[in-house]
Each structure stands twice: as structure tokens, then as C-alpha cells.
Amino acid sequence: MNLTNIPRQALPELLCRMPKAELHIHIEGSLEPELIFALAERNRLQLAYPTIESLRAAYAFTNLQSFLDIYYAGASVLQTEQDFFDMAWAYLLRAKADNVVHAEIFFDPQTHTARGIPFATIINGLDRAIQQGRNELGISAALILCFLRHLTEADAFTVLEEALPFRDKFIGVGLDSGEKGNPPEKFSRVFARCRELGLRLVAHAGEEGTAEYIWHALDLLQAERIDHGVHCLDDPQLVTRLVQQQVPLTVCPLSNVKLRVFPDLAAHNIARLLACGIRATINSDDPAYFGGYLNQNYLETFAALPELGAAEAYQLARNSFEASFVDAEVKAGWIRELDQFFQQQCDKI
């Protein structure tokens, strides 16, 4: 399969149609302004913004903290199980349209339990959407519970205990929210407990934080996958380790530009990550806030980086399946589908 023969003008359609997985999506970050307004009206809540347009205009944040401030405000409209279902269902419809065959979805229960929303309300709504997505859309999805790193480890232990009766409804835990001043080791004990429970482990590291945070996520949390991780290139020894151990990075290009991790997509290091042999993937992070779902991230990144071609598209999609937490047989089936798709593109030439 000689992918170098696929012309550059064929890339946009190829990127949109190829089967792929999404491994870094915060479900609360998929809340579009229209749905925020609809849920506020349904729950008789008064928003700080008089119109959908004024809310969308407020999305002009310039760093991670200013984004998080409006992100948590938007999440406040989620009150009932139906609200959580509607949010997840809207995302799954968008994912299906982008030819996502599998999604591993982050949710932030502490954002809601702190407002008095029962954990059961949150996870039952999300899980119902996932089951319906499997049955009606043919899309595979799983939940990853994220601890908020700006809160205490004691808070993380509390939400873990609340989650355990629903252990069959989520596959792992992650660590998100503001990196600065909240190093991975702050959560080493709760991650050790999650490891004992057989949960899969991921962590945000090396987005705002330094390469050292990635080392700590790997060594002190035993993270199997690093979310973001783009600062790894600052440390050649870390790059060697990531390549040797094939630790996946779930990279989010549009998010990185919106939050000023890179000045623009032309400066993004995703092509260099791939060239080093790192198992990098492309993801949307918080698509309602960062200007694009998964295909938009692929399209804009490939348009900005001429060194990315069909071979890199194949590698990114394959990486997304290989980095997922499904069993080997299912992964192999998806990779066969991917191979068939790319072979068909080659046969057209």
C-alpha cells in the first residue's frame, strides 16, 4: 500500500471519511451555546449572557484558566439525568458524522457533585447515551472519570468512593483542569488505589506544564496514556522513553492554538512527534469551545502543515485505535477496516 501516491488534494475527503477513534474529549466541553440555552430554559435557570451570540462571544479566552472559568459556568446548566443524556447524545451524533467508530469520553463529576448533583444522575445519563449510541448509531464509546487537579486528593478519593457502585459504567480515571501548581504527584495515592481496582489510568501533562510533569505522570501515577504531552520534545530522554515504550499522546491541535500553547497551527509539533516515532493521536478536547470537532482538527492541522500527507493520516488513525483501551481483537478489526479504506484510496489512483 503506497500511500505517497495519494495526492494532496485528496486529503480533505480522506481525512473526513477514514475510520478513527477519539481519545481526548471532555463531554462538558462539547456543550454548544444552543444546548446551554435550551437546558437553562428547561431548568428555569438565569444565564449571565442574554443571547446565544453573547455567550459565544465570551469564548474568546486567552489561556487555560480563563477557558476553565467559562467551562465550569456552562456546565452549571446540567441538572437532570436527561440533561447529561442530551449532552452526550449530541456529541455522539457529531462523532458519528466524523466517522468516529470509538470514543473514550472524559467526564468531570466533581464539577457537578459540588453543585449538589448526585453522581448517579451524572453517570446514568451519560451511560444511557452511550448504550443508545451503540444500538442506534453503531458507535462504540466508554467513559473515563477525571479528577480535577485544582481540588484536593481527598476530594478525588471522595468522588472515587461515590463512583464505585457504578464501576461497570466507566473504564478508567484521568486527571484534568489547571496544571500550574497542581503536579501529578499531588494525586499519587488516589491513582495507586485506582490501579488496585483495575482501572485504566491516563493524565493530562505537558500542556501548560513542563516535560517534568510527563515524567511524573508516568512514574508517580503510572499513567498508561498522556493527554496533550506536547512539551515532551523539550526533553530528548523523555522522547526516547515515549518511543521505546510506545506511550500514546492524545494531542489536541485546535485546543493548543486557542490556549496559546502554540501561536498557530503552522507552529504545531504534531508532525515532529510522528517523525520521532511517538504514538501521537489527534483529538478535539473541548470542541464547542475550541472551534472544531475531530474532523475539523484533522482538516485544519493538515492544511497548516504541508509535511503531513496520507501516510501520516493513516498513522494517526491507526495510532488512535492502538492507543484505545479496547481488547486486542476489536482493535485488530478496526485496523483491518482502516487498511481496507486506505487500500481503496490507493486503488483509485
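Just so it is clear, glycine is given a Cβ too, placed from its N, Cα and C backbone atoms.
These come from Swiss-Prot:
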| type | residues | note |
| --- | --- | --- |
| BINDING | HIS24, HIS26, HIS204, ASP285 | Zn(2+) binding site |
| ACT_SITE | GLU207 | active site, proton donor |
| SITE | HIS228 | site 'Important for catalytic activity' |
| BINDING | ASP286 | substrate binding site |
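This view paints the features noted in Swiss-Prot onto the structure.
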residue: HIS24; record: Zn(2+) binding site; contacts (Cβ under 8 Å, 6+ apart): PHE106, ASP227, HIS228, THR250, VAL251, CYS252, THR281, ASN283, SER284, ASP285
residue: HIS26; record: Zn(2+) binding site; contacts (Cβ under 8 Å, 6+ apart): PHE106, PHE107, ASP108, CYS146, ASP176, ASP285, ASP286
residue: HIS204; record: Zn(2+) binding site; contacts (Cβ under 8 Å, 6+ apart): ARG149, GLY174, LEU175, ASP176, SER177, GLU179, ILE226, ASP227, HIS228
residue: GLU207; record: active site, proton donor; contacts (Cβ under 8 Å, 6+ apart): LEU64, GLU179, ASP227, HIS228, GLY229, VAL230, HIS231, ASN256, LEU259, VAL261
> Can you list the residues of the same chain, besides HIS24, HIS26, HIS204, ASP285, whose Cβ falls within 8 Å of the Zn(2+) site's Cβ centroid?
Replying inline: ILE25, GLY29, PHE106, ASP176, ASP227, HIS228, THR250, CYS252, SER255, ASN283, ASP286
> For HIS228 (site 'Important for catalytic activity'), what is the tally of other C-beta atoms lying within 10 angstroms of its C-beta?
Replying inline: 28
> For the binding-site residues ASP285, ASP286, which one has the sparsest Cβ surroundings, going by other Cβ atoms within 10 Å?
Replying inline: ASP286
